[in-house]
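Sequence annotations record features per position, and here Swiss-Prot assigns divalent metal cation 1 binding site to HIS411, HIS447, ASP448, ASP565. Residues or ranges marked as divalent metal cation 2 binding site by Swiss-Prot: ASP448. Annotation source Swiss-Prot lists compositional bias 'Gly residues' at 15-24. According to Swiss-Prot, the feature compositional bias 'Low complexity' maps to 39-62. The compositional bias 'Polar residues' annotation in Swiss-Prot covers 66-78. Taken from Swiss-Prot, the feature region 'Disordered' covers 1-82.
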Amino acid sequence: MPRRRGSSSSSSAAGGSGGGGGFGFSSLRRELHLHNFFRTSSPSASSTSRTPPAALPPRTSAVTIPGSNHKLTSSASSYHPPRELTVSTFSAGSATAADGLGGAHLTPSLSSSVHARRESFLYRASDDLREASSLRPVSRASSIASNEHGHGDDLIVTPFAQLLASLRNVRSNLISITNIQNSDDSRHANRSAKRPPLHNIELPDDVVHCAHDTLEELDWCLDQLETIQTHRSVSEMASSKFRKMLNKELSHFAESSKSGTQVSKFLITTYMDKEEDEPSIEIEVPTEVQGPSTSGPMTLSILKKAQTAAMNKISGVRKLRAPSHDGHVPEYGVNCAREIAVHMQRLDDWGPDVFKIDELSKNHSLTVVTFSLLRQRNLFKTFEIHQSTLVTYLLNLEHHYRNNHYHNFIHAADVAQSMHVLLMSPVLTEVFTDLEVLAAIFAGAVHDVDHPGFTNQYLINSNNELAIMYNDESVLEQHHLAVAFKLLQDSNCDFLANLSRKQRLQFRKIVIDMVLATDMSKHMSLLADLKTMVEAKKVAGNNVIVLDKYNDKIQVLQSMIHLADLSNPTKPIELYQQWNQRIMEEYWRQGDKEKELGLEISPMCDRGNVTIEKSQVGFIDYIVHPLYETWADLVYPDAQNILDQLEENREWYQSRIPEEPDTARTVTEDDEHK
């Protein structure tokens, strides 16, 4: 669609040239003596009178959160007009306040006290960021969520959303300075709040024409920016900014103690993917010990043979087990102790005791949880899934999970159940199709199948066959997908047999995109994607988040499985402690193996040099909290209980950090066996 342009006469006016009608903005400023208006405008004149915006046209249908003005939309749901969300911009008389925050200010039409909660590092202003002309520390805007709940004013930290806020502020100031009528187009009515004019001077016609054309240009720019996909390019600005902020935070954290240095190194090497255009991080990360050089012809030949062998066979796929149910499928897929019913009734809750479920199901927690979730959602009937075939697949899937302390089928069951609860958020219940829900729960169930108990970096450093096969890129995640779909090729396991070819392709694409998002090195990118999407909608004044495109939906689904994979610190403290003990034991076993192979021991993997309490506080502060904070903003008022539990768990570990570095409790061989 060609861009709209102003008329030739008004373009001449805008340029300040042509005939006697030329009237540039410098002339306008001089003619209106704006400095006098700024100096003499009273508080009442510069205050904001809030009015509700016009509803957006029903381009897509919408889902309403009970008690909230926040909606997510998809083509499958019904449309509801949005509630009031008012927009306030700083007047020229309050420029100092605006400059201090770095942008526009949107506020809900109603205000009430909010429960104070600690904010993550993303909201901390930095002098370093202020000095960079391309980065703005913070702007402020209202939540896209409920007025009744008093979600209050939120800081805008992603660059794309700050750009929208700044342009909306410019638009509002233009209307106030020129005193022209706002656009009658309902799409633009929510971009500026009505307020008393700065003056009552009748401007020359050419000035009015110029102002109208400028307003039209701004509206066109905002139209394009507000509809742009925030999934990648613009969110990469936020990702780069968040990396810089996290590096700065972790450099301070590292200075606090020796254990702080190790925790910081671990967080950087695990949760931050490496960008070639990024400056080197402030914390010196130990150089990984590399394997033998691959420059020689003999070595290249060996690697080529290994790669060929790996490509010819998907490792880890063992002989499939025959069905054990004889056609009759028990209530939970397999025979379980009667007491399991109490725990299975809590599958809709955040944090059922999955360890107890595993015990009462005779070590079939993944089968009983996944089977029950799909049955509860009526997906057996929707997709004509044969229950016996599904159980056969799930039992073989469990069989292909290794006996690791952490990355085992109990963890997979926990992630699948967490996905189910996240999908139950009122804002999401009508957004995703049944096929997308099926794929999401399946992705949670298979996301770590045949995990060896070692990290991607270890596999790369040790020249593991999988690293060679997948070219060091998301090595484990690609392997999990290969094994999961290889199992589906057996006719006894293909519970998707009644799906159409198109449905199978869609299912496979969703699962692949989701499981690849469980690569922890993608954390900052996933956080930036989600944060940018949420904040862009706030600034745009839209209380409707459109999810009618695949990229928008998969962005939310990828965030969900990443949330579920990092959900341990948000669960009841007893479960959190058990998961923490398990992951630490797995890390230590990797450290033992690295020591045996002569590799440098990875951060947090030296069993004789780990401060558990401080590592968990750092993990929550810099990884888990910012992610869940952003998610809670998206699904508000849902997930507030999750944030509260996360805060309680943080305080539990914080209170147990030894005060003196020299008396810090470190884990030793004796501690391991206590």
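Yeah, the Cβs are placed from backbone N, Cα and C, and that goes for glycine too.
Between the listed binding-site residues, namely HIS411, HIS447, the fewest other CB atoms within 10 angstroms of a CB are found at HIS411. Ranked by Cβ neighbours within 10 A across all protein chains shown, the binding-site residues ASP448, ASP565 are led by ASP448. Reduced to three states, the DSSP call for ASP565 (divalent metal cation 1 binding site) is helix. Classification of HIS447 (divalent metal cation 1 binding site) by DSSP places it in coil, neither helical nor stranded.
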